[in-house]
Amino acid sequence: MWPQPHLPPHPMMSEKTRQNKLAEAKKKFTDYRQWNIAGVGTRATDTKKKKINNGTNPETTTSEGCHSPEDTQQNRAQLKEEKKASHQHQEALRREIEAQDHTIRILTCQKTELETALYYSQDAARKFEDGNLGTPSSFNLALSQAFRGSPLGCVSTSLIPGESKDLAGRLHHSWHFAGELQRALSAVSTWHKKADRYIEELTKERDALSLELYRNTITNEELKKKNAELQEKLRLAESEKSEIQLNVKELKRKLERAKFLLPQVQTNTLQEEMWRQEEELREQEKKIRKQEEKMWRQEERLREQEGKMREQEEKMRRQEKRLREQEKELREQEKELREQKKLREQEEQMQEQEEKMWEQEEKMREQEEKMWRQEERLWEQEKQMREQEQKMRDQEERMWEQDERLREKEERMREQEKMWEQVEKMREEKKMQEQEKKTRDQEEKMQEEERIREREKKMREEEETMREQEEKMQKQEENMWEQEEKEWQQQRLPEQKEKLWEQEKMQEQEEKIWEQEEKIRDQEEMWGQEKKMWRQEKMREQEDVETGGEAAGAGEADVGAGGEDAGSGAEDVGPGGEDVGAGREAAGEGGENAGAEEDVAAGGEDAGGEEDAGAGEEDMGPGGEDARGGEDAGAGEEDAGGGGDDAGAGGEDAGAGREDAGAGGEDVGAGREDAGAGGEDVGAGGEDVGAGRRRCGSSRGCRNRRRSCGNTRRCRSRRSGAEDVGPEGEDVGAGREAAGEGGENAGAEDVAAGGEDAGEEEDAGGEDAGAAREDAGAGGDDVGAGREDAGAGGEDVGAGGEDAGAGGEDAGAGGEDAGPGGEDAGAGGEDAGPGGEDAGAGGEDAGPGGEDVGPGGEDVGAGGEDVGAGGDAREGGEDTRSEREDAGEAARARGAVLRALPPSLQSSL
């Protein structure tokens, strides 16, 4: 069925209205086309300008490369304005679409009318050709129906059959004209499709260029941020550099002050610290230079990127010019094709416009999504700003902590300087006393100067070796400090790796320290052997003195069977010339030291068990002070035993049970051995065999460095009151300690009847051959691998200058701190008492009158007379102090080096 025609009011009016409507529709379409193209171009340029301004405008970006809250507010306002403009644009597009729909409906109506007219005209032409026209009335009706609303509607209905040829020609011409119009419409539609494709390609290129511009702006912002961060780092590095320079200046000033006060060793350490800090400054300067080079490179990159941005802008301008030219061409072509447009084109265009409207709506949705994403990015940027602020606060807190640490270090340095000043004052006082004694003893020391010179040579050689070892220790300390700095720089690594790395380094350092300690012990063994020989010579000289019956000192001293002096304090002296009185006495036939670290009662035995020689336990001053057990150990008629018994100069009672004192003032038992305050048995040489939980003194096998016990193989507690006495006067009971005929030490090792060790191996020569292979010489003291003596608490107190303090602290080879007040008790004559007196193993000062009590021929009397078994001077002379001072300086240097180490290394060492 054919569609029914629409009947117009009048044929002439319908033609005019149709033409007017077509002209109006074409005008609207061209205007919309031009407006759409111009709007797209302006929008693209606006977006470009906005993006460029967002990336390069200094008003919207801060100096640090991050957005401020004002910028965020401006961005939000711009987004709102853009949303409003987009809504308005959508409303205008909808109105235009409605108008175009109306025009399309009109054109469709006209199309149907033309199709009906063509149908009737073709039908009439067929009938005319066939000759079946019928009656004239029927032919006229067909023509009137065919040409209603058509351009041929003005034809009269009263047609003659002779005029049918003209009418058929006109119909054929109109039909041919309609075909040409259809072809033109199809060509225009194809051309529009090509133009749309070309426009889409151009829009894609424009979008890609806009994306590149946006990315370049983002990269520029990131580079600006990085530049700002690098500038802040440079400022921080410069501030750190200035602080380090100030610290270096302060250290130089301290060095200049310390040149007049401190010894050479500490000046060397301070100079080395200065060198280290200078090296650190140089390294920091190198780092700063590298950072500056990086900044220059980044600036060059920014310049290159700015050039690229300019080139891209030029490309965009060129493309805009091309688009404008193409738009001009399109306008010209549209002007040519306006006359040829018809219904099919408009239908297709309207369909395309509808599709474009859908696409535009989708684009608007995408733009809204982009706006939401931009808002999310702004929130993320705000979060990043907050995180950066927190990081800056953390860095400030760290800087405050570093300042506090530096202040604490300065306070420690000041305290150390004060301690050194006090020590120097004490040394000056001692030197004054020594000078007074030297004036008295110059005549007697002339004979011993040759021996002393030989010893000085040996001591210098040993000092040189010790200095070399100290230099090695300093190098190791430098390596340790460098390692610690590296560890501070690498704190961001996992903690497990750091722990493993630290453990490996500590093991290596411990191995190095063990090797150095073994070397030091070997040297100390050599020194101990030389000391043994020297003691044997002293013993021989003492035997000569005993046969000669020398006189006692100036302070009404008691003289025993061997002619020994008993001092101003009426101390009791054994048959071997040893001091066994109120405090710091020796208790061996060979004059070995039994009082440097523990208290000894009237019989020469150990009266404390595990007593200390520090500043906080017993008082050893000149005024009748306390000596561990509450007894008085002063200068006149004092008590010296554990039970309050008197030990005077005239052979008074010296035992706990009021026993009789023998020729030497001590209690004499069945085997001619001395009996102490606790009733314990003492051998013929006056050695101690009794109570007191003694412990071993060897440090070779003990890896636990707290000195509670030196030898892990043979350390057993000795319980008092259960000892047996053998045929030779030695103890061979439950405690398994023995005192042999040679007067060996019975507190540190087990000794059998022959004087040798009753442990794993026994030698026939009377020396100690225990598990640690220590040798006990004629003096009875423990002479192990490191030539150290064994005190009451298991500490080392021997020739190596080891520590023997109240807390059982570490006793190394460097003369470390031993007392609760920070005083030393090493081999070099360090301070051990509250009054500044010395109580070491090298013949140091221990009494009120400046007397020596050590094993090397010490002074025990009030007048400075010598009573020791191996004394260098007989009446008022002790060993030369130069050797002791040199050894003390070396020991102090070691102690300073160890104290300079961090607490973690001190605990490990």
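Here the Cβ of each residue, glycine as well, is placed from N, Cα and C on the backbone.
Annotated region 'Disordered' per Swiss-Prot: 1-88 (among others), in sequence order.
What Swiss-Prot lists as compositional bias 'Pro residues' is 1-11.
According to Swiss-Prot, the compositional bias 'Basic and acidic residues' annotation covers 13-31 (among others).
What Swiss-Prot lists as compositional bias 'Basic and acidic residues' is 78-88 (among others).
According to Swiss-Prot, the feature region 'Disordered' maps to 300-362 (among others).
Look at Swiss-Prot and you will find 381-408 (among others) tagged as region 'Disordered'.
The annotation region 'Disordered' is assigned in Swiss-Prot to 425-494 (among others).
Per Swiss-Prot, compositional bias 'Basic and acidic residues' is recorded for 425-478 (among others). Counting residue by residue with DSSP, the compositional bias 'Basic and acidic residues' (425-478) contains 51 helix, 0 strand, 3 coil.
Summarising the annotation, Swiss-Prot assigns region 'Disordered' to 524-909 (among others).
Positions annotated as compositional bias 'Basic and acidic residues' by Swiss-Prot: 524-542 (among others).
For 607-620 (among others), the entry in Swiss-Prot reads compositional bias 'Acidic residues'.
Annotation comment: Swiss-Prot describes 641-654 (among others) as compositional bias 'Gly residues'.
Here Swiss-Prot flags 676-689 (among others) as compositional bias 'Gly residues'.
Residues annotated as compositional bias 'Basic residues' in Swiss-Prot: 692-719.
As annotated by Swiss-Prot, compositional bias 'Low complexity' applies to 746-755.
Look at Swiss-Prot and you will find 757-766 (among others) tagged as compositional bias 'Acidic residues'.
In terms of DSSP secondary structure, the compositional bias 'Basic and acidic residues' (78-88) contains 11 helix, 0 strand, 0 coil.
Note: the compositional bias 'Basic and acidic residues' (524-542) comprises 19 helix, 0 strand, 0 coil (DSSP; helix = H, G, I, strand = E, B). In the region 'Disordered' (381-408), the DSSP tally of helix, strand and coil residues is 28 helix, 0 strand, 0 coil. When DSSP labels each residue, the region 'Disordered' (300-362) comes out as 61 helix, 0 strand, 2 coil, counted as helix, strand and coil in that order.
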